[in-house]
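One structure is given here, and the rest of the page talks about it.
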Amino acid sequence: MILFADYNTPYLFAISFVLLIGLLEIFALICGHMLSGALDAHLDHYDSITTGHISQALHYLNIGRLPALVVLCLLAGFFGLIGILLQHACIMVWQSPLSNLFVVPVSLLFTIIAVHYTGKIVAPWIPRDHSSAITEEEYIGSMALITGHQATSGNPCEGKLTDQFGQIHYLLLEPEEGKIFTKGDKVLIICRLSATRYLAENNPWPQIL
């Protein structure tokens, strides 16, 4: 089997995508951000999906148990690996690769199954932006530090909260209408807007906290 043959193109592309995401995540961490957290923040509409086949599919893929970016990388990685292995098996048996019109759907099917079971195994070991030490509702009334560049009403940025157990949580915070948060601001979380977004105000006790 020739790894870089044309019949392996879609699978090599998928593996390259995983490597690219890894590089982008490293770059984002160097800049003080979390690419996975940013993606999850833009998936608030998942919270409104409570019934139907879409909800079942998302649950099967462990969306919610794992960060969305991790699920995406698992999908791409397994698809690339399974596709290459299937084509290799075909060459070993029939001395010729099969058409990707057949191999791609089969690879997708095995990929979905692999992601489901792998996700269930690794989910307890994946660090999330929240912890079981306190619930998300308990963030309200806590002080946080703005770590993103800038936030305005409707356009949140990342903030860092350290709970009473010393654990760090990264949240998306935004100010009230007409206010602006900038990097380094200390803010008070006052209410929850969605699964990942919170409303905050500037530190009302700057002389104390």
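The first residue you see is number 1, and the count goes up from there.
Note that Cβ sites are derived from N, Cα and C of the backbone, with glycine treated the same way.
As recorded in Swiss-Prot, the features of this protein are as follows:
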TOPO_DOM  1-11  topological domain 'Periplasmic'
TRANSMEM  12-32  transmembrane segment
TOPO_DOM  33-65  topological domain 'Cytoplasmic'
TRANSMEM  66-86  transmembrane segment
TOPO_DOM  87-101  topological domain 'Periplasmic'
TRANSMEM  102-122  transmembrane segment
TOPO_DOM  123-209  topological domain 'Cytoplasmic'
Beyond the flanks of the transmembrane segment (12-32) by 6 or more, those residues with Cβ under 8 Å of it: 3-4, 38, 69, 72-73, 76-77, 79-81, 83-84, 147
Surrounding residues of the transmembrane segment (102-122) on its own chain - C-beta under 8 Å, 6+ positions past either end: 7, 10-11, 60-62, 65-66, 71, 74-75, 78-79, 82-83, 86-87, 90
For the topological domain 'Periplasmic' (87-101), distant same-chain residues with Cβ under 8 A (at least six beyond the ends): 1, 5, 7-8, 10-11
Remote residues contacting the topological domain 'Periplasmic' (1-11) - C-beta distance under 8 A, at least 6 residues beyond either end: 79-84, 87-88, 91-92, 97, 100, 103-104, 107
Averaged pLDDT, computed only over the residues in the topological domain 'Cytoplasmic' (33-65): 64
